[in-house]
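One structure is given here, and the rest of the page talks about it.
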Amino acid sequence: MGFGSDLKNSQEAVLKLQDWELRLLETVKKFMALRIKSDKEYAYTLQNLCNQVDKDSTVQVNYVSNVSKSWLLMIQQTEQLSRIMKTHAEDLNSGPLHRLTMMIKDKQQVKKSYVGIHQQIEAEMIKVTKTELEKLKSSYRQLIKEMNSAKEKYKEALAKGKETEKAKERCDKATMKLHMLHNQYVLALKGAQLHQSQYYDTTLPLLLDSVQKMQEEMIKALKGIFDEYSEITSLVTEEIVNVHKEIQMSVDQIDPSTEYNDFIDVHRTTAAKEQEIEFDTSLLEENENLQANEIMWNNLTADSLQVMLKTLAEELTQTQQMLLHKEAAVLELEKRIEESSETCAKKSDIVLLLGQKQALEELKQSVQQLRCTEAKCAAQKELLEQKVQENDGKEPPPVVNYEEDARSVTSMERKERLSKFESIRHSIAGIIKSPKSVLGSSTQLSDVISVGEKPLAEHDWYHGAIPRIEAQELLKQQGDFLVRESHGKPGEYVLSVYSDGQRRHFIIQFVDNLYRFEGTGFSNIPQLIDHHFNTKQVITKKSGVVLLNPIPKDKKWVLNHEDVSLGELLGKGNFGEVYKGTLKDKTPVAVKTCKEDLPQELKIKFLQEAKILKQYDHPNIVKLIGVCTQRQPVYIIMELVPGGDFLSFLRKRKDELKLKQLVRFSLDVAAGMLYLEGKNCIHRDLAARNCLVGENNTLKISDFGMSRQEDGGVYSSSGLKQIPIKWTAPEALNYGRYSSESDVWSFGILLWETFSLGVCPYPGMTNQQAREQVERGYRMSAPQNCPEEIFTIMMKCWDYKPENRPKFSDLHKELTAIKKKIT
């Protein structure tokens, strides 16, 4: 098998093969040039990346840190990878690409040579086997005619007896010419036969075999070029593998349990002996009746001691109950973290558990603080009980022996002194009757401690990361206040207050580990707010604002981040990722997250959807479960709708869906939109992609991120950054005027999507083309197999004048009637 033996008559095929291979080589050359450019840019990008790394972050700290070492080595090895990639690009340019360029020239020369030689030998063969023989044959025929003519004239001459010799001579001459040409023709024919045989058996096969040999040599050369290309560009070469091995080895050196051992050794401090807290005996220098560390039980304190004992007992019981609750919460959270850890598919999934682990540590701190409070209360209670039990059944002794004093004073003086002591006693009794006054400063301290132990997120007046505008809507009366996390600056907290007819916002300063406005600093925000609320101290002297009424958050919708466990990623929305999640009671949910780096206005739009959905309860509208705004990132928790988005559902199930089911889907959307219309809600983004397929194929409207609720039922927009043009009514596109009528237009498009089984509206048109065509009066034709009644509804929805479009109540009635007709 070969070119010479099998391709003798395949000249055109050989030429096409050579042309194709030349085009292929040009493509390979272009690809290699782009690869070189790409590798050089990649090398430059890597180097630039390393150069931009904060140099301080790569400087070794003053203790041995494997994390720091690993990070430094990552940067160094990335620089090494940059150098390797740059070298590879240069080698690729000087090696395979250069040789490929030379090979293309050689390939062109081989083709040129083949074409030239083939034309030459083919022309020679045609000349010998056809052209020359045809000439001889033509002369042959001519000479036969001449000889026959000479013979006729000779016969005529013999018959007449005139010029016989002359005629004979002419006849002999013509015969000689013919015979000589005959011999020449016989020889030429023999030569042509041999030439043709040589052409097809030797000359042409030799040329074709020569071409095949050069083709194969070039394939061999190309293979060598490819081999060298593969070797140079390989990402598993020893030098590149070593780079990644070095990085992996440095990562493996990181041991969380020993990472800070050296840091501890470097910064270890000798524990200072704590100063013992003792009774200041100097307080007793001017009073001989009081004793250090002794409870005074007398006629002035006996009643108050009983009340104090009762209060301490209640506080101890309450603390112990809280402790049991917190300890149970610790065990529950530990269990959840352990279960979540087992489901982690990737090593980096541990990051998803950090929030829960931090919450666990905070819970443990809370437990420890409660144990401390429990111990203090128990000790104080024991001290009081001991004193009360010692004097059980006894009459409390008087503070002053008035009978002895009476010997040295007049009766008038005695009355005055009795009066003074009675007033003191009544004052104390008044204090005792007021529970808030029990224990005096000791109880106030206890109150502060209990406030401090309660995490910020658990206080009713803390609303989390709600938008400023939403906070302002909640403040309506003088002194109304709440605390929120700044939406624009996560980690910064703001006090929002209604004062003197305006809403004021005060950033809570955090300086020297203390929270304050401009006065006293506190170790946490609850203590700061509690101080200003209880003392009625102004927030700032300049503002004169006083806290009067804490505004509680709506607990129906508020969830803590710890209440939700994130699972698999379901997809990405306009504002962030959407995860499958699980509540504490194992309820599956969908969790929409908001990226922390989004602009302020987009974060507000993100929460707008939750604000709208709080008001709605309908089987054809996706349900809101709650919001997590206590910290960033903010979550919106929705019911998990298992069937996914309607558009994908239509496209996947298009071969299974029957007409009746499509009408039922349409009726579901109409029912949901009828409900929204009654609530003056304008959806503005009604489309198949924004509906979800629930259980029993119930369709639910979702994605209220662009929705607005307007009392007048009309919303004007100065412009949206992303408008779904093919779904949006003309008046909304042209004038920014949105209404339920513009939602009806979108409903018509959704109907078209439904009955076309997921085809994109205005097929073959760009957004701009579709918009221009609609303005000219164009409307889409009915989808294949779409009932005439359904298409009639679509056309009504697409009336250019909003006032002529049907209401959702009309659409619901019509679709209900159509559904009944279909069996």
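The backbone N, Cα and C atoms fix where each Cβ goes, glycine too.
As recorded in Swiss-Prot:
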REGION    1-300  region 'Important for interaction with membranes containing phosphoinositides'
DOMAIN    1-259  domain 'F-BAR'
MOD_RES   Tyr402  phosphotyrosine
MOD_RES   Ser434  phosphoserine
DOMAIN    461-551  domain 'SH2'
BINDING   Leu570, Gly571, Lys572, Gly573, Asn574, Phe575, Gly576, Glu577, Val578, Lys592  ATP binding site
MOD_RES   Tyr616  phosphotyrosine
MOD_RES   Tyr715  phosphotyrosine
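On the structure: features taken from Swiss-Prot.
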residue	record	Cβ contacts under 8 Å, 6 or more apart
Leu570	ATP binding site	Val578, Tyr579, Lys580, Ala590
Lys572	ATP binding site	Val578
Gly576	ATP binding site	Lys592, Thr593, Cys594, Lys595, Leu598, Phe606, Pro633
Tyr616	phosphotyrosine	Leu624, Tyr675, Leu676, Lys679, Cys681
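Max Cα-Cα distance over the annotated ATP binders (Leu570, Gly571, Lys572, Gly573, Asn574, Phe575, Gly576, Glu577, Val578, Lys592) is 14 Å. Residue counts for the domain 'SH2' (461-551) by DSSP state, with H, G and I taken as helix and E and B as strand, are 18 helix, 29 strand, 44 coil.
The number of other Cβ atoms within 10 Å of the Cβ belonging to Val578 (ATP binding site), over all protein chains shown, comes to 17.
Across the domain 'F-BAR' (1-259), the model assigns an average pLDDT of 90. Around the Cβ of Asn574 (ATP binding site), the number of neighbouring Cβ atoms within 10 Å comes to 16. For the recorded site, Val578 (ATP binding site), the DSSP three-state label reads strand. According to DSSP, Tyr616 (phosphotyrosine) is assigned to coil rather than to any helix or strand.
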